[in-house]
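Some notes on the structure that comes next.
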Amino acid sequence: MSIPRIASLQQQSISEPPPPPLYIITPTYRRPEQLAELTRLGYTLKHVVNLYWLVIEDAEEPTPQVTKLLQKINVPFSHLVAQMPAKYRKNKVKPRGVSNRNRGLEWIRANASDGVLYFADDDNTYDVEIFDEMRYTKKVSMWPVGLITKFGVSSPIVKNGTVVGFYDGWIGGRKYPVDMASFSVSVRFLLSRPNASMPYKPGYEEDGFLKSLSPLKLTEIELLASNCTEILVWHTQSKKNPNAMSLDMGKYNNTNLVHLRNILV
């Protein structure tokens, strides 16, 4: 390629406006796998332009190790906290992540006017292509998510380019039987629905949130991932690890192990 041609392409790149912003809401909580999963997700998001990451912990105050990791990854971020209300903490099945996601919606309402929001849990696996596709969402976009229930996938059922139903291993009377990782929402559309929020109802969080965006017709849902024929998001789950054993300070004080133990749960 000639030097003038390279210069022309560079000038074109400089003059092009940035793509619509993405606001990624990630609920998280302290556990042995937390830093590992945030590391994986963070370095995935680092490949995506014009993105703002809202990492929201279920905690009284931000975990310093998480803040340090986010600063190292260097994706634009806010590190917030939103504890689960006390009345839900004793429940056998907890509405985990709801307070975090609602806090993220609150932040977006206060700080954003356009772009697209997406709930990205820290334990999923994402093809960066899905982020480029979702950022042009006009109202609500949807796509398949792999490794869900006995069906292996959760997806809108598409016929002639329109959603005619949903394929999911658990319908449970839901209007929108979809996974949290399977949809994105336009910020402007969210702002036009001031009462939209996520309910503290385990198993019905996605359904409740999407219903709170009504009126929304199935024909208005935008289909991504090649008309829902590809899987670009996977509902992976890390093996649960026990908390690390306490360190024998009499034996290992003044060694590197003290620093390592402070990182672990």
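Cβ from N, Cα, C; glycine included.
In TrEMBL, annotation is done automatically, which means it is predicted and not curated.
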The residue range that TrEMBL labels region 'Disordered', out of 1-21, 232-252, is 1-21
Cα of Glu206 (active site, proton donor/acceptor) to Cα of Asn227 (N-linked glycosylation site), in Å and rounded, measures 21
Other C-beta atoms within 10 angstroms of the C-beta of Glu206 (active site, proton donor/acceptor) total 21
